[in-house]
Amino acid sequence: MNTDTTYMQRCIELALKGEYSSKPNPRVGCVIVKDEQVIAEGWHQFAGEVHAEVHALEKAKSNQVKAKVAGANLYVTLEPCSHHGKTAPCCDAIIAAGISKVVYGMIDPNPAVAGKGINKLKAAGIEVVGPLLADKCAELNPGFIKRMTTGLPYVRCKMAMSSDGRTAMANGESKWITGEESRQDVQQWRARSSALITGIETILADDPSLNVRLEEVEVLQPLRVICDSNLRLPTDAKTLQTPGEILLVSAIEKEFNTAESTITTLEQVCLPNNDNQIYLHALLQYLAKEKECNEVLIEAGSTLAGAFIKAGLVDEIILYMAPKLLGHKALPLFTIPGLESMADQINLEYSDVSLLGKDCRMRVRVLKSQ
């Protein structure tokens, strides 16, 4: 393994320090090296705060190694930005610091700025090398990349089931199919996400809080999205009593009046399709454009989850399977209409299978039809 690869792998590790907090910005890590010695490291933690490159440069300054930065090599998982946003361009800081070589992991996926940072650095006489470990760097930010290239977020659907593919008893009882380890793992997927999507049937049946409960890390609570075509949401729903932001999505134009005790920030949007149901594609476009959502997690029942899958809007399914049998009368995993023959099947691909306590977690990619 060459030296550049080793330092880029360290950048990837650093980027994950912002796994739960950098949204809507990408997760980025940076290492500054001089004379084969790491003199500073950085990562992007919060939107509006310094980017990974500037974080590393500032740490170098605070470590009283400013003189060493001149002539150093800088490694970063994403092409340094060259445009003004909430912060100044990273390229300007890199040039001013006297960095002699920049090794980047992948080009910025935003078509409006892709390659401009590289060109600016080269124009300043800095040697630029890359891409390096581009696939690994891309794995850090599937949502940011998809939002920049398609205008849609990366969509995961989380489901829990028994070993015979059932999600609840016929009477709706479902606590608990999976064990504590699986339920804790779900919290991490929630924490990564910009938004959690659920349906009114889940609210009525389970009355969930739909928040992230991780004590050991700093988390930005995701937007809670409730799909409620006919606005049946109870004013005393637990999620309305949980701090955070809610987007209430309906298919009818009607104002929802929250209870006085509600402590959430609630916004309504009406997005009907031709069948007087919620237009799911438009919802995802809205989340990407108006809310800058990178990764979205669906936690819903079989009907809404199945509708997202049938519409071709789900990228990945996170499936938790418990070593239990619930029987043929129990509720199914997905309700997907229109699958009448093998030619209609939706193909999947396993990307990871692991044990969590007594449960099995499967990460499954949804293969898009050609």
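Every residue, even glycine, has its Cβ placed from backbone N, Cα and C.
Marked as active site, proton donor by TrEMBL: GLU53. The DSSP secondary structure for GLU53 (active site, proton donor) is helix. Less than 8 angstroms from the CB of GLU53 (active site, proton donor) sit VAL28, CYS30, GLY42, LEU74, VAL76, PRO80, CYS90, ALA93, ILE94, each of them six or more residues away in the same chain.
Summarising the annotation, TrEMBL assigns Zn(2+) binding site to HIS51, CYS81, CYS90. Within the same chain, residues at least six positions away from HIS51 (Zn(2+) binding site) with a Cβ under 8 Å of its Cβ are ASN25, VAL28, HIS44, PRO80, CYS81, THR87, CYS90.
As annotated by TrEMBL, NADP(+) binding site applies to ALA160, TRP176, THR202, SER229, GLY301, SER302, THR303, LEU304, ALA305, GLY306, ALA307. DSSP classifies ALA160 (NADP(+) binding site) as strand under the three-state reduction.
Long-range Cβ neighbours of ARG190 (substrate binding site) (same chain, at least 6 residues apart, Cβ-Cβ under 8 Å): LEU196, ASN211, VAL212, PRO222, LEU297. According to TrEMBL, the substrate binding site annotation covers SER174, ARG190, ASP206, LEU210, ARG213, GLU299.
If you look up TrEMBL, you'll see 2-129 marked as domain 'CMP/dCMP-type deaminase'.
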Point to revise | Fewest other Cβ within 10 angstroms of its own Cβ, chosen from the binding-site residues SER174, THR202, THR303 | key: THR303
Revision key, fill the gap. Spatial hits near ALA160 (NADP(+) binding site) (Cα distance within 10 Å) out of the binding-site residues ASP206, LEU210, ARG213 come to none
Check your understanding: What is the total of other Cβ atoms whose distance to the Cβ of ALA305 (NADP(+) binding site) is within 10 Å?
Key -> 26
Practice item. Compile a sequence-ordered list of residues in the same chain as ASP206 (substrate binding site), six or more apart from it, whose Cβ lies below 8 A from its Cβ; state 'none' when nothing qualifies. Key: SER174
Check your understanding: Nearest to THR202 (NADP(+) binding site) in three-dimensional space, by Cα, is which of the binding-site residues LEU210, ARG213, GLU299?
Key -> GLU299
Check your understanding: Cβ-Cβ under 8 Å from GLU299 (substrate binding site), same chain, 6 or more residues apart: which ones?
Key -> LYS158, VAL186, LEU196, ILE197, THR198, THR202, PRO208, LEU210
**Study point:** Structural state of ARG213 (substrate binding site), classified by DSSP into three states
**Key:** coil
